[in-house]
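Trainee: Dropping a structure here in structure tokens format, bear with me for questions.
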Amino acid sequence: MSTTLSTNRPSGGAPSEGDHPHRSPLTRLQHLLHAQATIGPAVVLLLAVIVFSLLSTRFLQPANISLVLQQVAVVGTIAVGQTIIILTAGIDLSCGAIMVLTSIVMAKVSAEHGLPGVLALLLGFLVGAGCGLVNGLLVTRLKLPPFIVTLGTLNVFFALNLWYSGSATIRGTDMPALLLWTGQTFTIGGTRVTYGSIGMVLLVALVAFVLKNTAWGRHIYATGDDAEAARLSGIRTNRVLLSAYGIAGVIYALSAWVLIGRIASASPQAGQLENLDSITAVVIGGTSLFGGRGAVVGSLLGALIVGVFRNGLALARVDVLWQTLAVGVLVIVAVSLDQWIRKVRP
Amino acid sequence: MTSPDIPVLQARGLIKRYGNVIALAGTDLDLMPGEILAVIGDNGAGKSSLIKALSGALVPDDGTITLDGKRVSFGSPIDARDSGIETVYQSLAVAPSLDIASNLFLGRERRRKGILGSVFRILDRDAMRQEARRQLDGLGIMTIQNPGQAVETLSGGQRQAVAVARAAAFGSRVIIMDEPTAALGVRESRAVLDLILHVRDQGLPVILISHNMPHVFEVADRIHIQRLGRRKAILDRANVSMSDAVAIMTGAMEPQDGDR
């Protein structure tokens, strides 16, 4: 018995699970945040609301809350699609361009070609899905990194949007009422709420449920967590990725509808920063850029945090440049926190 | 359904080339019913390629695979799984951030009964957790308390147990295990070896790939030695010493005729 090809490393054996008497409070916090990623952004949002309501009496007034909700509705809706992509360990820089392109398509086919509102919306959803599928095909067939794919298609879709719109804004008064419906309001407890913001909340609830309770949702997480492991487990990862980009495209088309209602027009120059703003919301919401970890509810909270910070600082008469700086700091803090949380040990 | 003399899983003349590199140079393999067949070989001998061909993760350029005497061809791991061949990969192929039950049912989730499942495709999480609980208890080794726990909170041995439980729960013909003890300490290795024996005793034949000779000699019934992309020898564990097996594996010794 001369040779063995491996050595046995002695170890203390399996640690027992369950009770952890030796954990420090910091480690406990790390484990808590690891198990419940949305606790962080929820606490931040709550603290921000408390602080800003102390700084300005106007902050909690219904009109102001309504304003924040309206400001957040577009980016909050986009962030739902962005979350799905980021959960697969991807990223979508083209989301804003897809939104603008679909908003122009919806507006133009109805305003200039007389298509009824319902058909214009459906056509917009088809265009959104098509754009998303182009991204998905490039990612899955050509195996290009999502960052590069969507950087390219960002320019392609934006150029298509300029070409199709002739760089001209389409006025809301020329559109059917259905396209502008997302900007209509109703009143709850003295606060005027747009249907667009309600749509955003319902979309978040729906997607959160689907991600948690369907096989497709589990496969999104598994693919983002470890694509090779998912493939070996029998998940058709390319199909999962393709469907993720396609569904994100449809969600961007929904955000285009919200956008039209919000600005009561369709502008080819709108939404150019929505890609970075949506990534900001997703990251602040606790979803990991490395994929497989996070929740769509967090992204809504992230969008609200950004909205509340900008609004609250403006009410406190802080210069807009400091609002931007605050959002930047939030992103850095959120990603650092994610890195720390990911280092959790059993 | 199976007779003791007919291999459950058989490979003949498998060839796989990667450019100029020949990973499999016409290799054979025979797995008999109810046995643990260890596959050993030096680095680059083609162990991994052979296992991937059997588990559908790789499509061989040439050669045949038969399962229970019937010719099969696997285009993907899903095909092999559908035929009853389950593989525990060295990388474990688990999604660390998902819980144990989700991992156990990854890729074949159970849906609710009725319209909720068929139309709305909603998962039956309770049933999956109960079944996961039952499977882990059935293997009888691990102290996992909650099937809703994320896999990344488990120790290496417990993760291995989850992967083995998944294979044992769904494998109906063959279980393939790739280096199941490579990353484990002594106590955890012991538990996983017991698990392998337990699976074999329940009637499922096991292919065990390992570098660890003591582990191979402890549990294997027969030993398949892979060398330079081919099967060099099949040894009966009872009739061979560890040093001879290593000598054949490294090319220092030629196998006797009876071992070919």
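Even glycines carry a Cβ here, placed using N, Cα and C.
Any TrEMBL annotation is an automated prediction that lacks curation.
The compositional bias 'Polar residues' annotation in TrEMBL covers A:1-10. The region 'Disordered' annotation in TrEMBL covers A:1-23. Positions annotated as transmembrane segment by TrEMBL: A:39-60, A:72-105, A:117-140, A:147-166, A:186-211, A:240-260, A:280-308, A:320-341.
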Trainee: Counting only pairs 6 or more apart in sequence, are there at least 3 Cβ pairs under 8 Å between the transmembrane segment (A:39-60) and the transmembrane segment (A:117-140)?
Mentor: no
Trainee: Tally Cβ pairs under 8 Å between the transmembrane segment (A:280-308) and each listed stretch (A:117-140, A:186-211, A:320-341), then give the stretch with the top tally.
Mentor: A:320-341
Trainee: Check the transmembrane segment (A:147-166) against the transmembrane segment (A:117-140) for contact, please; criterion is three or more CB pairs under 8 Å, pairs 6 or more apart in sequence.
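Mentor: Yes, the transmembrane segment (A:147-166) and the transmembrane segment (A:117-140) are in contact.
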Trainee: Same chain only, please: residues at least 6 beyond the ends of the transmembrane segment (A:320-341) with a C-beta under 8 Å from a C-beta of the stretch. Say none if there are none.
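Mentor: Sequence-distant neighbours of the transmembrane segment (A:320-341): 30, 33-34, 37, 40-41, 44, 280, 283-286, 288-289, 293, 302, 305-306, 309-310, 313-314.
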